[in-house]
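> Below you'll find the structure I mean.
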There are 2 protein chains.
Amino acid sequence: MATEAAGSDSESAPDAYTDLLQTYKRVANVRNAGGLLSWDQQVMMPEGGNPARSQQLSTLSSLSHELLTDDEVGEQLDELEDADLTDEQAAVVREIRREYDRAVSVPSELVEEISTTSSEALPAWEEAKAEDDFSTFAPYLEKHVELKREYAEHIDPDKDPYEVLFEDFEPCLPLEQAEEILDELRDTLVPMIEQIREEGDDIATDAFTREGDYPEGDQEELCRDVLSTLGYPWERGRMDTSSHPFSSGTMFDARVTTRFDETDPLGSLFSTVHEFGHATYNLGLPDEHYATPLGEDRNLSVHESQSRLWENHVGRSEAFWNVLLPSFKEHFPKAEDVTLQEAYEAANQVYDDNLVRVEADELTYHLHIIVRFEIERALIAGDIDVEEVPEVWNDKYEEYLGVRPESDSEGCLQDIHWSHGNFGYFPTYSLGSVMAAQLYAAAEDDIDDLEDHIAEGDFEPLHEWLTENVHRHGRRYETNELVVQATGEDFTADAFTDYVTEKYGDLYDIDA
Amino acid sequence: MATEAAGSDSESAPDAYTDLLQTYKRVANVRNAGGLLSWDQQVMMPEGGNPARSQQLSTLSSLSHELLTDDEVGEQLDELEDADLTDEQAAVVREIRREYDRAVSVPSELVEEISTTSSEALPAWEEAKAEDDFSTFAPYLEKHVELKREYAEHIDPDKDPYEVLFEDFEPCLPLEQAEEILDELRDTLVPMIEQIREEGDDIATDAFTREGDYPEGDQEELCRDVLSTLGYPWERGRMDTSSHPFSSGTMFDARVTTRFDETDPLGSLFSTVHEFGHATYNLGLPDEHYATPLGEDRNLSVHESQSRLWENHVGRSEAFWNVLLPSFKEHFPKAEDVTLQEAYEAANQVYDDNLVRVEADELTYHLHIIVRFEIERALIAGDIDVEEVPEVWNDKYEEYLGVRPESDSEGCLQDIHWSHGNFGYFPTYSLGSVMAAQLYAAAEDDIDDLEDHIAEGDFEPLHEWLTENVHRHGRRYETNELVVQATGEDFTADAFTDYVTEKYGDLYDIDA
């Protein structure tokens, strides 16, 4: 059985390595069990199950923490500092060391306090959003900022605290590099969007809205067909619905969820393709390294690069719509008059006045992210106070996106992330999109006629390229190194800016 | 929140008690997480997920074992031996002590070996059954018998090893008492069934088969309606399908599964009502004692008493069919001519020539169990060898049931249990049915016009009686004491023999 071989090179490994890996596997299995419990909570669990489920999750979380921070783990890591290890073994030790160091440096009381604050902040955020009253949520955001500063101080008192927090989500991509990318994004996109609005041609946006509603059951069938077309292996996955689409699991069992809006068939479609991208990453991790760092994903930006690559570079391409549109019309005969060009335009329109991140298009999306990134950096640095957030938020929306929210509900209260105390998470969304562009450009260079393959519904060459260059490495390489291995270049925003300049230049007939 | 109060009397408890309960809650939460993983494996998981799932389950299982057998648990239990405890606290300590003593006495290598043998025995049993060749399975059965004798020796070398194994499933019901019950069952049922066959009236058996097939989707709707009618709280449960119906969960989330056979609408119906009975027990356990012995079920026979009470005493009664038949006809208009008497007779027919336990009726069922009980006792005692099992099985079927299997597939290979090395499990099925009769008789005494309530679709008085007298106690009482508390009498087969004598005497017009 494939999994028997996990830690495949353990025969030639020092005992400390074998023991360390054994412990890590237990940690990973407990975490994966927790992942399944969370999936069930969001997809299957009856609402009454929460009191028991939250205790189960909390027990699993504390157990995996205890296993990871066991004194023996520290001793084994020390012993392996100067040991003679293979590259793979060295990567495993590096990854466990990073997790261990972080886990032991934060007092459990503080972890507990952050967890409690999140539990209290969530309903406060929900209430604030429902009642459009930022002041209900502000004290909890304030508390989170304080606790997270303290948290960062424990981990590394000499580092910019925001950088420490960013590393929770992106442990091996330097913040400086990330920031350069985000700055370039902003400097490219703000004028480009302005130019599209002022000089761009009118494009068709109503291909899928002019015919009325699309029943949920038919949308579901279409999404299942699309997953099959893309090559989703149903024997290792399943699709369900949840209030927020997500993917979860391992290479043996990588599930996706979606949600349906009867007025918007593109919503479920693109969210399904997006989650499919996440799932392919999990599925492409090597079976034989299950429950070890070599069988786990290289953090959020790489994960998001896979979802965005499939969603944007495949799903929003003309080539893909060549395959999709006939299938769409089979499920929805009323769309029979929609042309390929209309479909392509509707799938790629740049919105004039959207205020909501999760409804944004491929260009404006990143400005939503950059607003959040700049605000949370300033908050953690103490450059702005919590009470200033709504005003700063609205000013930045006006500056970058040309629209000003009229309420906090459609402004700074729209996302759940800060209620969890997650600062440093938002940038990974944009970094993933940017990485997707760089990876896709490299795949186009390496694969003969990739666009033709896609237009014929043949996704195998792309799957193979991604598995070979990204998935199969797990956490063997750090983030930039993984990108270099795959593309021959450092991770930058260049490929992304080239991509959007060409694509949207053509689409809106502008010379950006 | 209800669960905050778990270990409600901890304020007045010794520290050792508080600490012990805290550890036990972690054990229970890990077990419950494992329960959810198993549910998912049988109901939701794509087939490819097994390699990861089995590792996750194995990790959770070893973790809960390690938590339970921690030295500190032993010290706390010792310290509490002479402590001043409330009745509830004393019951908690008694239950944890019993689990702890058993867990620490078996070497982990032996536990591992039994687990490995089960993993190997399962495919061997499947192959043996498929190819009708007992010899493929025999070596694994032999190995299980040896290992389980060794296992019992570790736990108590001075006790009948079968008794030790029985206690794995029924830890606080003396085997002697169980055996008396099973002997009385055999002595009552063998002649009764013979008399029915020789002297009984012909009854209508084709009420639900004469009209052809029943589509699965309609059966599922009927089962959901029946669950709603019986009072299943959907906010704390769900119904799905699986290859073998089962129930699982806690008082917050008690799920059931069923399966459908389009030629047999009674199959899914009774299995749904059966699993509903199990679920009501879980649901009736006190919220505030979640993850403690007072919030857990009193083992298998009591659990089975709840499923059999609802399946047989409610589900197969004329009063219930008074409610069910109109609903059945709404879902299946083709059954409009079926009369109440025909439905009742079809639901209670005693089979002439059935060889399969899971398809047996309310009377012959117990003889299937007694055959297994007598054989596994003799195997563990060394009174028969594994190679003799097929012959002894067939002889006993002929003697007790008047039918002789023509192959091992429909004989001693029909059940999965022995492939898991589970000896001592089978009797709990019959003990549960017998207990159901005693509990139901007591409920009839206590509740005015219980039958009328049921005939009107009012199940609330019965729910209340069962919650009050059985469910809410969790593991506070040992098995016989629980029955005494609920019925005023020791646990015997008397109520069951009275019940079947009257019911089947009337039905078949015999004077049993």
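Placed from the backbone N, Cα and C atoms, the Cβ positions cover glycine too.
Annotations for this protein, taken from TrEMBL, read as follows:
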- B:E275: active site, proton donor/acceptor (ACT_SITE)
- B:H274, B:H278, B:E304: Zn(2+) binding site (BINDING)
> Near the Cβ of B:H274 (Zn(2+) binding site), how many other Cβ atoms are there if near means within 10 Å?
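Excluding its own Cβ, the number within 10 Å is 24.
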> So if I measure Cβ to Cβ from B:E275 (active site, proton donor/acceptor) and keep only same-chain residues at least 6 apart in sequence, which ones fall under 8 Å?
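Within the chain, B:E275 (active site, proton donor/acceptor) has Cβ neighbours under 8 Å at B:P245, B:F246, B:S247, B:V256, B:T257, B:T258, B:S307.
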> Counting across all protein chains present, how many other Cβ atoms fall within 10 Å of the Cβ of B:E304 (Zn(2+) binding site)?
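Total other Cβ atoms inside 10 Å, all chains included: 24.
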> Please give me the CB contact count at 10 A for B:H278 (Zn(2+) binding site), counting all chains in the structure.
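Total other Cβ atoms inside 10 Å, all chains included: 24.
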